[in-house]
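**Q** Let me begin by handing over the structure; questions about it come next.
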Amino acid sequence: MSTIAIAVNAAISAGAYLMTVRMIPRLRDMFIKANLFGRDLCKKDKPQVPESYGVIIGCVFLISMFLFIPIPFTFDENAATDAVTGGKPLTFPHDKFVELIAALLSICCMIFLGFADDVLDLRWRHKLLLPTIATLPLLMVYYVNYNSTTVMMPNFARALFGTSVNIGIFYYVFMGSLAVFCTNAINILAGINGLEVGQSLIIAGSVLLFNFIELSLGHQVESHQFSIHFMLPFLATSLALWKFNRYPSQVFVGDTYCYFAGMTFAVVGILGHFSKTLLLFFLPQILNFLYSTPQLFHFVPCPRHRLPKYDQKSDLLHISTTEFRLDELNSLGRLMVKVLRTLRLVSWQEHADGRIVTNNLTLINFVLVIFGPVHERVATQMLMGFQVLSTLLALFIRYPLANYFYARET
Ligand code: UD1
Ligand code: MG
């Protein structure tokens, strides 16, 4: 029966793709008129590009999911109306139903808050707060529905802690943090044409691949079906956006899309019970976050934009830089830049007057430090290639290695 629900979901997703592909070019003028545009900073004449298209993608995704709500229950024998009483049977999976609605509520909330961020251009501390607010519906429903806060222990820790440990409130802290991380991690690995959508497409593809592998193995079937129901329309609408956002971008996605994508991943990771595997698919984003920490937490000066610098003559991207003197940094900041320099993870130019110039600490700039100036399209392809490699590594860790560390109980 579940295959019928997946097939209907796939058909709705195909419809969503076709609808989005037609809508995107038609709405360009409307966005520009509403002042929702940004300058494409890596082009010769810095053209105006309509921004915040994530709001359109998010809406089409929500419409697709709203239409899909009854489908899994229509084909579920446990949910069929009782022929004798005419009411819903005792076996009706209320928990699954509420879970679906709460997941959509959280994603909807994130789209709304992301759009507010695009329009109001919020500060960094607010950006951390928004996903926390948006996960509240999910966490509260999780509390009412399950409140299961036990985690499985790896084999080597079982002698000490037992097979599983109840971590209570920390489980909720973890779920909230996952949402904050997923949303912001995509937003800060951004700034060159197509990268936000490109990475999200590969993560979505990886999650789907993982879900189908698990389904074929018969593991936690319901959880993986739940994830597929979200990932297919997400992939379809994002593919439509990719058509217009890849180099040279005709539309920008805005923070709305980054938050929407991150939240959708967090929701399927949490409710699908595969948050650890999900994090493995976020390896480039984790590395970008760790590399960025000195600037994110202001140990090293952080300019408003850290995207690479465009060179008109060669049409190539060069590293963008930040400048400081060692005595301006606090001791932790000095230690951080020293470690980065010793490990040769940054470009380093020391001027006679003591000024130091290094690249802005993003994965995009790091790729340019390693490979030298490249074309914008190539930079995006390189980072997407790295995302694919990370998926392969993640699957290797998840299967051969995890089977070794986590003996299956069921
Ligand atoms: C995050 C990054 C910032 C990066 C920006 C680019 C951190 C802490 N913040 O900020 O360094 O510069 O994303 O998205 O890492 N743009 C392009 N080409 C693109 C995409 C975006 O030129 O392909 C420019 C446009 O001017 C667009 C702007 O980036 O208007 C969007 O930036 P915004 O999303 O507001 O930046 P943040 O998310 O705050
Ligand atoms: Mg952004």
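Placement of Cβ uses the backbone N, Cα and C atoms for every residue, glycine included.
Found this in TrEMBL, in case it helps:
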TRANSMEM  6-24  transmembrane segment
TRANSMEM  53-73  transmembrane segment
TRANSMEM  97-116  transmembrane segment
TRANSMEM  128-146  transmembrane segment
TRANSMEM  169-189  transmembrane segment
TRANSMEM  226-244  transmembrane segment
TRANSMEM  256-274  transmembrane segment
TRANSMEM  280-300  transmembrane segment
TRANSMEM  356-374  transmembrane segment
TRANSMEM  386-406  transmembrane segment
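Each of these features: where is it, how hidden is it, and who are its neighbours?
**A** Proximity of distant same-chain residues to the transmembrane segment (6-24), defined by a Cβ-Cβ separation under 8 Å and at least 6 residues beyond the stretch ends, is recorded for 53, 56-57, 60-61, 63-64, 67-68, 71, 225, 228-229, 232-233, 235-237, 239-241, 243-244, 251.
Packing against the transmembrane segment (53-73) from elsewhere in the chain are residues 2, 5, 8-9, 12-13, 15-16, 19-20, 23-24, 27, 31, 79, 92-93, 96-97, 100-101, 104, 107-108, 111, 114-115, 118, 225, 229-230, 233-234, 236-238, 240-241, 244-245, 251-261, 264: each is 6 or more residues past its ends and has a CB under 8 Å from a CB in it.
Among residues of the same chain six or more beyond the transmembrane segment (128-146), those with a C-beta under 8 A of the stretch's C-beta atoms are 95, 98-99, 101-103, 105-107, 109-110, 113-114, 116-117, 122, 172, 175-176, 179-180, 182-184, 259, 262-263, 266-267, 270-271.
Outside the transmembrane segment (226-244), and at least 6 residues removed from its termini, the chain residues within Cβ reach (under 8 Å) are 5-6, 9-10, 12-14, 16-17, 20-21, 24-25, 53, 57, 60-61, 64-65, 68, 72, 96, 99-100, 103, 194, 197-198, 200-201, 204-205, 207-208, 211-212, 215, 250-251, 253, 257, 261, 264, 267-268, 271-272, 274.
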**Q** Residues of the same chain, at least six outside the transmembrane segment (169-189), with any C-beta under 8 angstroms of its C-beta?
**A** 106, 110, 127-128, 130-132, 134-135, 138-139, 142-143, 149, 151, 195-196, 199-200, 255, 258-259, 261-263, 265-267, 269-270, 275, 278-279, 282, 284-286, 288-289, 292, 296, 362-364, 383
